[in-house]
Amino acid sequence: MSAKIIDGKAFAATVREKVAGHVARLKADHGITPGLAVVLVGEDPASQVYVRNKGKQTIEVGMASVEHKLDAGTSEADLLALIAELNADPAIHGILVQLPLPGHLNSDLVINSIDPAKDVDGFHISNVGLLGTGQKSMVPCTPLGCLMMLRDHHGSLSGLNAVVIGRSNIVGKPMAQLLLGESCTVTIAHSRTRDIEAVCRQADILVAAVGRPEMVTADWIKPGATVIDVGINRVPNGEKHKLVGDVDFASAVEVAGAITPVPGGVGPMTIACLLANTVTAACRANGLDEPEGLTA
Ligand SMILES: NC(=O)C1=CN([C@@H]2O[C@H](COP(=O)(O)OP(=O)(O)OC[C@H]3O[C@@H](n4cnc5c(N)ncnc54)[C@H](OP(=O)(O)O)[C@@H]3O)[C@@H](O)[C@H]2O)C=CC1
Ligand SMILES: Nc1nc(=O)c2c([nH]1)NC[C@@H]1CN(c3ccc(C(=O)N[C@@H](CCC(=O)O)C(=O)O)cc3)C=[N+]21
């Protein structure tokens, strides 16, 4: 039997439509245009894909988009000065600093210099702490997008076994926190996990956020499980390249109950959630009721 394909691209379009509605209301009723600033230092290829898609979609939902493209050799002091400017700018409600940063920059220091209220990536230590203690925060976009798709597919996630492969601060850890918040029984697997295939086969929900092309094959998957593939891996395809996930889609689709494709799964949801977080930030900054259904 073949799995249901969870269409992240279509789901993301519905999220963006909701965001556009809230943006229109903010403009008409309050004269507020939510503004998102993206800071890109150097030329990481994965970040460029993201920035390209994001800039276009920010404009499409009616928000203001500002891009700061800095030279790979930019000093930490200059980057911190730019962030201080954006923190102080009332027209900017969301700030995203593309990761990874070039090696000479301390990314923890840089991320923690962003005003937590404008931290639409949800990476600032204050937001991480708020999420970890179940308080209102900015929730990282990729895990938030995954959660929206999981809730839509399952309704309640309570009591399900969830395995997250990957323990990064930007995907694996916050994903695990969100699933715990939904009362899943959560296991985080990583490069030192013993017999990872057997661990994964226990999962009703399997989230792969590893960065290894097609690592998760059918024999890792419990029949009927829901598989969320976060991986974005660029692999050679003849003369060109193609994108594949961390899951071997062709074999997994035969065993899973539901699965997200790459491209067209988690990626588009990540960008939609970034826009959602920016509207939420704009509402909070102005003491307005925040949109329902766009946060965790
Ligand atoms: N779709 C989207 O919107 C986004 C996609 N991504 C993609 O998601 C993937 C993960 O990203 P990110 O979390 O930043 O990556 P990181 O490299 O920061 O983390 C990868 C994690 O995978 C674990 N890992 C590596 N190799 C193995 C292995 N052989 N077996 C088990 N675990 C392993 C690592 O374990 P250890 O900690 O032990 O080293 C680590 O915890 C990438 O493909 C990235 O491009 C990322 C962000 C957004
Ligand atoms: N501060 C920060 N926050 C991030 O969230 C962040 C980051 N830095 N650095 C890079 C990674 C990667 N990432 C992607 C998001 C969407 C797609 C995406 O839209 N993917 C499309 C395909 C795009 C294509 O066709 O090439 C899809 O999966 O369908 C890809 C990658 C966010 N990241």
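We count from 1, first residue shown onward.
For all residues, glycine too, the Cβ spot is worked out from N, Cα and C.
Long-range Cβ neighbours of Gly166 (NADP(+) binding site) (same chain, at least 6 residues apart, Cβ-Cβ under 8 Å): Gly172, Ile188, Ala189, His190, Val207, Ala208, Ala209, Val210, Gly211, Val230. Annotation comment: TrEMBL describes Gly166, Arg167, Ser168, Ile232 as NADP(+) binding site.
The domain 'Tetrahydrofolate dehydrogenase/cyclohydrolase catalytic' annotation in TrEMBL covers 6-121. Secondary structure of the domain 'Tetrahydrofolate dehydrogenase/cyclohydrolase catalytic' (6-121) per DSSP, as helix, strand and coil residue counts: 60 helix, 19 strand, 37 coil.
Secondary structure counts, DSSP: the domain 'Tetrahydrofolate dehydrogenase/cyclohydrolase NAD(P)-binding' (140-284) has 55 helix, 32 strand, 58 coil. Marked as domain 'Tetrahydrofolate dehydrogenase/cyclohydrolase NAD(P)-binding' by TrEMBL: 140-284.
Checking the binding-site residues Gly166, Ser168, Ile232 for a CB within less than 6 Å of any atom of ligand 2 leaves Ile232, listed in sequence order. The Cβ of Ile232 (NADP(+) binding site) has 22 other Cβ atoms within 10 Å, all protein chains considered. Taking Cβ-Cβ distances under 8 Å and a sequence separation of 6 or more, the neighbours of Arg167 (NADP(+) binding site) in its chain are Lys173, Ala176, Ile188, His190. The number of other Cβ atoms within 10 Å of the Cβ belonging to Ser168 (NADP(+) binding site), over all protein chains shown, comes to 16.
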